[in-house]
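What Swiss-Prot lists as NAD(+) binding site is 69-74, 103-107, 127-128, Lys139, Lys148, 166-169, and the listing cites sequence analysis. Taken from Swiss-Prot, the feature Zn(2+) binding site covers Glu181, His242, His259.
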Amino acid sequence: MEEMTVQSNQSSYPIYIGQGLRYQLSSYIEKKYTKLFIITDDQVGSRYLKDVLHGYPSEENICHFTIPSGESSKSIDNFYRLQTEALQNGLDRHSLIIALGGGVVGDLAGLVAATFMRGIDYIQVPTTILAHDSSVGGKVAINHHLGKNLIGSFFPPVAVIYDIETLSTLPPHEIRSGYAEIVKEGLIANQKMFLSLLDHSLASIKPHQLEIYLKAGIQVKSRIVEQDEKEANIRKFLNLGHTLGHALETIHGYGNITHGEAVANGLLFALHVSEYEFEIQLPFYQLYQWLKDNEYPILSFSEEEITQLIELMKTDKKSVGGTIQMVLLKEVEDPVTVSLDNSMMKQHLSTYLERMEKL
């Protein structure tokens, strides 16, 4: 088991990474709580909820609630339902919420914790590769039908407990989804990791190699978060690939593609725009081939959908005064945020579409 620490403006919190940690969560929670409220989804709960409960001999002060798996669960309805469950089960300001699951569970449970009685403690127990990113940094949110993660807060957990044994049961689309965020972190701040990934197929990566990638990705995320917790400056760089990625998620429908698969396509687009904006050459074709080789869906769109995509990108949280703010690369490990008006974005989307049609 390894321990890392993230220093936030509010406090510092530990990240524990190891095997079998789900059986002994109580060992990593020093504070005594009046109630524990475990929030999970139907897929994760059916596999791992009993393992977590095994670590608590008395279930007297433990309650749990299961939501449907999938992005559509990050909704106002589920948020309200969980607040009601917390109240009916007697949670108070000295209770703890445990988010057992992937990014959807972590985002939703974190927002419930941030707002219940004006904020109570919660811990993240991520069970996906993707959640190595979302569980660190304290960004919690639910979706609105007009866009992704538009209702949320910055509210760091008191701990992240990452049992990497749970990653062994992930389906292929969730594996692809998680590695997209690791690719993003490599492009932003770890070229060695990025190039190493391009040299491997996902099927060939062994558990010990995955653990190395996860730790490196978490280090990238934590270093940035420690400098800019509330995304006033450099934390925006962690949104590389997300401007188009979130828009693609919306037009394709939440749950029809994974977040990471959408971000992977957004990364390609970000490299394309960067090459045109800065007149440079980036590993666009290498990344495209790696995505194809690892069976990522290459998402297309029509000329008619470009206007819709632009409007969705303008609802992105980075946008200022209706102007799209997009994270680009001057080179690998050198991210920058630029402003793009509608005509510039339309041109970039059109040239990207033409480029992709030739591949």
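Yeah, the Cβs are placed from backbone N, Cα and C, and that goes for glycine too.
Note that the coordinates shown come from a computational prediction; the quantities given were computed from them, not determined experimentally.
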Sparsest Cβ surroundings (other CB atoms within 10 Å) among the binding-site residues Ser69, Thr128, Thr166, Thr169:
Thr169
Here's one to test understanding: among the binding-site residues Ser69, Gly103, Gly106, Thr166, Thr169, whose C-alpha is closest in space to the C-alpha of Glu181 (Zn(2+) binding site)?
Gly103
Kindly assign Gly106 (NAD(+) binding site) to one of the three DSSP-derived states: helix, strand or coil.
helix
By a simple count, how many Cβ atoms lie within 10 Å of the Cβ of His259 (Zn(2+) binding site), its own Cβ left out?
25
Between the Cα atoms of Ser69 (NAD(+) binding site) and His242 (Zn(2+) binding site), what distance do you get, rounded to the nearest Å?
22
Taking the centroid of the Cβ atoms of Glu181, His242, His259 as the Zn(2+) site, which other residues of that chain lie with their Cβ within 8 Å of it, listed in sequence order?
Leu130, Asp133, Ser177, Ala180, Lys184, Gly241, Gly245, Gly260, Ala262, Val263, Gly266
What does DSSP call Glu181 (Zn(2+) binding site) in the simple three-state scheme?
helix
Which same-chain residues, if any, lie at least 6 apart from Gly103 (NAD(+) binding site) yet have Cβ under 8 Å of it:
Pro126, Thr128, Leu130, Ala131, Asp133, Ser134, Ser135, His259
Please report how many Å separate the Cα atom of Ser72 (NAD(+) binding site) from that of His242 (Zn(2+) binding site), as a whole number.
18
Roughly how many Å separate the Cα of His242 (Zn(2+) binding site) from that of Gly106 (NAD(+) binding site), to the nearest whole number?
18
Which residues of the same chain, at least 6 positions away in sequence, have a Cβ lying under 8 Å from the Cβ of Gly106 (NAD(+) binding site)?
Ala99, Gln124, Pro126, Ala131, Ser134, Ser135, Val140
Surrounding CB atoms that lie within 10 Å of the CB of His242 (Zn(2+) binding site), all protein chains:
27
Would you mind checking how many other C-beta atoms are within 10 angstroms of the C-beta on Glu181 (Zn(2+) binding site)?
26
